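Undergrad: What Swiss-Prot records for this protein is below:
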BINDING   9, 384  Mg(2+) binding site
BINDING   16, 206, 207, 208, 209, 210, 281, 282, 283, 329, 330, 331, 332, 333  ATP binding site
BINDING   89  substrate binding site
ACT_SITE  146  active site, proton donor/acceptor
SITE      178  site 'Transition state stabilizer'
SITE      239  site 'Transition state stabilizer'
């Protein structure tokens, strides 16, 4: 008997959705509503072929979910009839949620309480949850938290060197994100390396418009690059990642930037976009490397930052690193970035197999280092939707 779960991932201006069989892993439907709240709001989906439609000017999450229910699922009533539960990706669960949770009023309030830590994401998740409850009143909803996987980090990894009362009273600490993806990759890597998951040591690089690195020791997160919020760490599409905090005071006190302008700049105008002054698209950076100064500059900074994190995280693994893994839109598809990063890690005895690396794109996976490389590097496609579906099935007993 199938265990079909509707998986929802609400961003500030998007809604990613899928219908996943939690038992077989088969994806029966997938799609994305994007540009929500804007005149060009639209929805794309795969169900018996590829489809696209306009949602109407200014359409929001409610309208997108209504379209999914009344148009997409209505076109395949036998699929809609088999839905058993709904799983939601939630970016921030703070310290309150160390694992996925069946959503009730208390859980919903907890997600709302964490909104200040993920202001671009948690409010959108709440909208999605309430819209799903309205659209499917008979189905149970489960929240799967990005931060939960990282709750195994030791104190020395998650504490900031700030007055300790800021942690005790206000919960200011490193939380990390992309936990669902890091968990899936750890599981997959263990299987491919033929090791028990609880004995696996890897460093996983989840690289997309948002990006993070995670040190995984004996199958558990022991350090990760994102912090209190998704702004810390690597160079990202539009986010700055690590900077000297005093830059903020300089921008405010000396250059006269408002706090709002600084916040917008660091989250939406920095990263690859800031370095190129043209685009946040990694494909532009990759295609024009060595030809255009702005692309070369951005790619060099991106790869330097990533290699530095990977090298540093070896210190958290007690001298044993079983593999370096790449996932996410950039991690799975950018052979040049993977090669540049791994070449910077040659001190660890890593040698890239250029042919294998080129093959591991656009759905290709596998080992991308030579047989004599001391540490293997692998490309593994992430599947956060499956993890969310599995947790939802487990908590709802479907």
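We count from 1, first residue shown onward.
Note that Cβ sites are derived from N, Cα and C of the backbone, with glycine treated the same way.
Here the structure is a predicted model, which means the values were calculated and not measured.
Tell me what's around each of these sites.
TA: All chains included, 24 other C-beta atoms sit within 10 angstroms of the C-beta of residue 384 (Mg(2+) binding site).
There are 17 other CB atoms within 10 A of the CB of residue 16 (ATP binding site), with all protein chains counted.
For residue 89 (substrate binding site), the same-chain residues lying six or more positions away in sequence with a CB closer than 8 A to its CB are 7, 8, 9, 10, 125, 144, 146, 180, 384, 388.
Residue 178 (site 'Transition state stabilizer') falls outside any helix or strand according to DSSP and counts as coil.
Neighbour density for residue 239 (site 'Transition state stabilizer'): within 10 A of its CB lie 26 other CB atoms from the protein chains shown.
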Undergrad: Just to be sure I understand the packing, how many Cβ atoms besides its own are within 10 Å of the Cβ of residue 209 (ATP binding site)?
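TA: Cβ-Cβ neighbours of residue 209 (ATP binding site) within 10 Å number 16.
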Undergrad: Tell me the Cα distance separating residue 178 (site 'Transition state stabilizer') from residue 332 (ATP binding site), rounded to the nearest angstrom.
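TA: That comes out at 15 Å between the alpha carbons.
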Undergrad: Looking only at 281, 332, which of these binding-site residues has the biggest number of Cβ atoms within 10 Å around its Cβ?
TA: 332
Undergrad: Given the recorded positions 178, 283, which one's Cβ is surrounded by the fewest other Cβ atoms within 10 Å?
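TA: If we count Cβ atoms within 10 Å for the recorded positions 178, 283, the smallest count is at 283.
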Undergrad: Work through the binding-site residues one by one (16, 207, 283) and name whichever has its CA nearest to the CA of residue 178 (site 'Transition state stabilizer').
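TA: Checking each of 16, 207, 283 against residue 178 (site 'Transition state stabilizer'), the shortest Cα distance is to 207.
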